[in-house]
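**Student:** The structure that follows is given in the form of structure tokens.
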Amino acid sequence: MRLVLKGIFGLYAIALVYLFFFLPTRQNVSGGNIVPFRTIRRYKKQYELFKLHLPSAYGIEAQVYGNILIFIPFGFILPILFKRFRNPLLSIGLVFGLSLLVESIQRIFRIGQFDVDDIILNATGGIIGFVAFIIGDWLMWEYKKRNLSLE
């Protein structure tokens with residue numbers, strides 16, 4: 001099972017590399033954002049303006065939720081595969097660091113914009129994944145404990 005999970009995680013990592021560095025983008029790469037929550041506030045205003053025009057509203061939702069969802073597997077799978085990532089600071093720190101690295105590489109090589117809000121949203125996804133791991137781990141422990149006490 002562990003080998004299968006490592007394989008799935010490897011495919012996930014390859015997909016992320018493609019998504020972040022090789023997928024053609026239509027965005028302007030000359031700008032960027034270093035002010036926390038600026039882009040998120042802009043998305044909120046645009047969503048309120050465009051919610052009657054559904055394709056634009058869905059694009060905004062996809063941008064925000066996509067940045068969160070894409071890093072949930074890191075927060076969930078890393079602690080399963082590597083015990084040292086059961087430390088929340090280490091696990092979330094790695095997600096934050098990877099997101100910062102991705103944003104920096106995109107900016108340096110002009111294949112995307114540096115946006116601190118993407119880092120915030122990615123870290124949020126990592127935290128959600130880690131919390132899901134903690135809950136799942138606790139449920140498994142409780143299940144095993146109850147089954148042992150019934151025998």
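In case you wondered, yes, glycine gets a Cβ from its N, Cα and C as well.
What TrEMBL says about a protein is an automatic prediction, not a curated fact.
Dumping what TrEMBL says about this protein:
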TRANSMEM  7-23  transmembrane segment
DOMAIN    9-135  domain 'VanZ-like'
TRANSMEM  64-82  transmembrane segment
TRANSMEM  89-108  transmembrane segment
TRANSMEM  120-141  transmembrane segment
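Help me see these features in their spatial surroundings.
**Tutor:** For the transmembrane segment (7-23), same-chain residues at least 6 beyond its ends with a Cβ under 8 Å from one of its own Cβ atoms are 70, 73, 77, 81, 102, 105-106, 109, 111-112.
Residue counts for the domain 'VanZ-like' (9-135) under DSSP, helix first, then strand, then coil, are 98 helix, 4 strand, 25 coil.
With a cut-off of 8 Å between Cβ atoms, the residues of this chain six or more beyond the transmembrane segment (89-108) that come close are 20-21, 29, 32, 71, 74-75, 78-79, 114-116, 118-119, 122-123, 125-127, 130.
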**Student:** Apart from its near flanks, which chain residues at least 6 from the ends of the transmembrane segment (64-82) lie with a Cβ under 8 angstroms of it?
**Tutor:** 2, 5-6, 8-9, 12, 16, 19, 40, 43, 91-92, 94-95, 98-99, 117-118, 121-133, 136-137
